[in-house]
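Now, the feature entries from TrEMBL:
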TRANSMEM  15-41  transmembrane segment
TRANSMEM  53-76  transmembrane segment
TRANSMEM  96-114  transmembrane segment
TRANSMEM  134-154  transmembrane segment
TRANSMEM  184-211  transmembrane segment
TRANSMEM  240-260  transmembrane segment
TRANSMEM  272-290  transmembrane segment
Amino acid sequence: SPEQVNVTSYSDTTAAIIILEVFSGMWINVFIITVLCMGWFKKKLLNSNEKILMLLGCCRFWYMWVAWIYFLLLVIYPNYLYVDPIYQLVISLQKLLNYLDFLVSACLCVFYCVKIANFRSSFFIYLKVKMDRIVPWLLLGSVLFSLVTGILVYDITDKALCNNLSSTCQGCFWKAGIRREEHFLPIFVISGFVFVTSFTAVIVSAILLLFSLWRHKRNMQTNSMKDLSMDAHIRAMKSILSFFIMYSINFIFSIMSVIYSMKNENHVKSLLAVFLYAFPGVHSLTLIFSNPKLEKAILKILQCVKRKFCMR
């Protein structure tokens, strides 16, 4: 029964809006990947910041690609979503890539904090020195964790759907909802753990960087000196604060989506989905304008487009 598996809980209008969001978000992240790859081929290396941005752009691109295919099927060929195991694959892939997005985004904030903040703690100095070596392991750990959770989500979703279908076939309609919630409870726990852990990392990074900026500014005023690291502090702080605001809103909406996922309030779920699918594209756009290399590349493209229109 379609109501039991709750596949098509979005209206055609909501699905069309999300299709436009994810399509534009895909191209934004394609731009990030393309610019970084071109720089990689020229210099034959990627720094730690670019490695994080590359993985973040890739996981967001594939997340939006899966979402784009899903909502296209939802609008054009909704019956295909009932074919086993398409629904399970879509859900598990989306969860895998969404978890990876959260974890890699948190890694980016931690990287900015460790590289730019100034603390005299021996542990913090050790992290600053070893951060370039730690980043690949953090990214690998994020990928492996997301992969394992994606496999678990597929297994849980498959069992939940099978049990729900068997329970409805036996006439136990009132038990189906309870059994479904019992099976999906591990997914809620995993989602909550990923969201809370990554959000905590973002909060701690923002607080530490803000404290470092305040202390650095106070020392400069005392010594009547100017330091170039002040600009680095401010740029990183703007980037992390903008990310922190968006991340906070996204965190709230993500938790709400977990809460409302088992309820029949489709209007609320549609509103949450519209925002959650817009976040990766919007945040990637802010990353472009906070990174000198990406900002320079997009400004060149905009100037070329402007010249072509002016010539016409």
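Placement of Cβ uses the backbone N, Cα and C atoms for every residue, glycine included.
Pairs of Cβ atoms less than 8 Å apart link the transmembrane segment (272-290) most often to 15-41, out of 15-41, 53-76, 96-114, 134-154, 240-260. The listed stretches are 15-41, 53-76, 184-211; of these, 184-211 has the most Cβ pairs under 8 Å to the transmembrane segment (96-114). Residues 50, 53-54, 56-58, 60-61, 64-65, 67-68, 71-72, 74-75, 273-274, 277-278, 280-282, 284-285, 287-288, 293-294, 297-298 of the same chain sit 6 or more residues outside the transmembrane segment (15-41) yet have a Cβ under 8 Å from a Cβ within it.
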